[in-house]
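Q: According to TrEMBL, the feature domain 'Formamidopyrimidine-DNA glycosylase catalytic' maps to A:2-129. Per TrEMBL, active site, schiff-base intermediate with DNA is recorded for A:PRO2. The active site, proton donor annotation in TrEMBL covers A:GLU3, A:LYS61, A:ARG325. Per TrEMBL, the feature DNA binding site maps to A:ARG126, A:ARG215. The domain 'FPG-type' feature in TrEMBL is assigned to A:301-335.
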Amino acid sequence: MPELPEVEVVRAGLHPAVTGAVVSHVAILEPRSLRRHDGPAEDFVDRLTGATLLSAVRRGKFLWFPFVPERVAPGDRSLALVAHLGMSGQVLLRDREQPDDRLLRIRLDLVHPDHGDVRLAFVDQRIFGSMALDVTEPTADGAEAGFSGAGLLGHSEPGDPALVDPARVDAGPGGPGGRPPAWALSIPHQVAHIARDPLDPAFDEALFFSRLAARRSGIKRALLDQELISGIGNIYADESLWASKLHFDQPSSSLSRRKAALLLVEIRAVLLKALGEGGTSFDQQYVNVNGQSGYFSHSLNAYGQQGRPCPRCGTLIERVSFMNRGSHFCPRCQRLRG
DNA sequence: AAACAGCCCTGAGTGC
DNA sequence: TGCACTCAGGGCTGTT
């Protein structure tokens with residue numbers, strides 16, 4: 001269930017290892033993990049082998065690595081390696097000497113000028129995740145396509161309260177006042193339709209509120225729509241709605257502007273807190289690039305808490321099926337209104 | 001255009 | 001011990 005905080009932890013962990021690294025070898029152990037790649041596995045291998053990775057970038061739950069191929073012809077379009085973790089995907093940093101992980105699907109061997117050899121292992125139990133090569137295009141609003149550089153985690157340690165201070169957000173690839181490189185202003189074609197996430201400095205709040213007001217469907221459905229607001233999955237939708245005292249099926253259009261603004265504040269707070277705790281792990285489904293679990297599962301108020309007392313009022317949390325997913329909520333705090 | 005059902009996918013967990 | 005069954009849900013496609 002990697003959502004924004006989990007994907008950001010992975011991205012931040014990969015960034016120093018991949019930036020400036022050259023891909024020396026690519027192995028596809030499971031072709032279905034290339035479902036989003038437009039072309040055969042051989043094409044993926046050929047174009048990526050010898051390439052130099054420029055950065056690790058994230059928007060919502062999508063991760064990508066802009067790269068320069070080994071051979072570049074004039075007029076070639078810029079490319080990126082796109083990764084989505086789906087439900088159970090992991091990207092792990094391994095030594096080449098280590099035996100393969102059991103559910104390894106794709107393996108990239110990298111040579112880094114400073115860090116030496118490193119192996120990037122794409123592990124995915126359910127094969128809902130994928131990797132692909134894709135052309136990039138300029139962002140529609142001209143702003144940076146997503147988070148790169150040190151990003152949200154900055155130089156802090158997990159648990160550092162400074163993590164929840166947006167003023168500490170890293171200035172990005174160009175540095176303070178610097179002009180971002182071309183790759184930072186470009187987004188892979190298959191990610192271009194994804195909305196900016198709520199931690200993105202270029203997130204358009206006014207657009208979010210107006211689109212929310214135009215929808216008659218339930219608020220949870222809206223929060224899970226990655227074309228409206230990205231990065232939120234089932235866990236953080238339930239947590240944000242609990243924090244906002246909103247019922248999952250409350251029509252989006254029924255929210256006042258003030259209530260919608262409060263919801264956005266809670267969404268950001270939940271995401272930042274989870275980020276500071278290294279993400280949400282239940283078992284081995286989500287781990288960082290070193291295989292370590294996050295701690296946010298200890299901070300959950302609603303998700304997976306059915307049968308336990310609501311931390312706010314003591315009423316037992318309920319779980320119902322909604323949109324083919326579990327929805328967890330407090331029947332007293334989160335009443336359907338209007 | 002928006003809403004929504006259906007599909008993909010398999011290891012872990014459970015009950016017998 | 002082993003078998004059948006259930007569960008988890010993000011993103012995309014197609015239909016209404």
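Just so it is clear, glycine is given a Cβ too, placed from its N, Cα and C backbone atoms.
Keep in mind it's a predicted model, so treat the numbers as computed, not measured.
I'd like these features described in context: how deep, what's nearby, how far apart.
A: Around the Cβ of A:PRO2 (active site, schiff-base intermediate with DNA), the same chain contributes A:VAL10, A:LYS61, A:LEU85, A:GLY86, A:GLY89, A:GLY233, A:GLY279, A:TYR286, each under 8 angstroms and 6 or more positions distant in sequence.
Reduced to three states, the DSSP call for A:GLU3 (active site, proton donor) is coil. All protein chains shown were included, and the count of other CB atoms within 10 Å of the CB of A:GLU3 (active site, proton donor) stands at 24.
The Cβ of A:LYS61 (active site, proton donor) has 24 neighbouring Cβ atoms from other residues within 10 Å, across all protein chains displayed. Mapped onto three states, the DSSP output places A:LYS61 (active site, proton donor) in coil.
Taking a C-beta cut-off of under 8 Å and a sequence gap of six or more, A:ARG126 (DNA binding site) has these contacts in its own chain: A:GLY86, A:MET87, A:SER88.
For the domain 'FPG-type' (A:301-335), the model gives a mean pLDDT of 92.
Look at A:ARG325 (active site, proton donor): DSSP puts it in a strand.
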Q: For A:ARG126 (DNA binding site), just give me the three-state DSSP call.
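A: DSSP call for A:ARG126 (DNA binding site): coil, neither helix nor strand.
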Q: Report the same-chain neighbours of A:ARG325 (active site, proton donor): residues 6+ apart in sequence with Cβ closer than 8 Å to its Cβ, ordered by sequence.
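A: Long-range Cβ contacts: A:ASN234.
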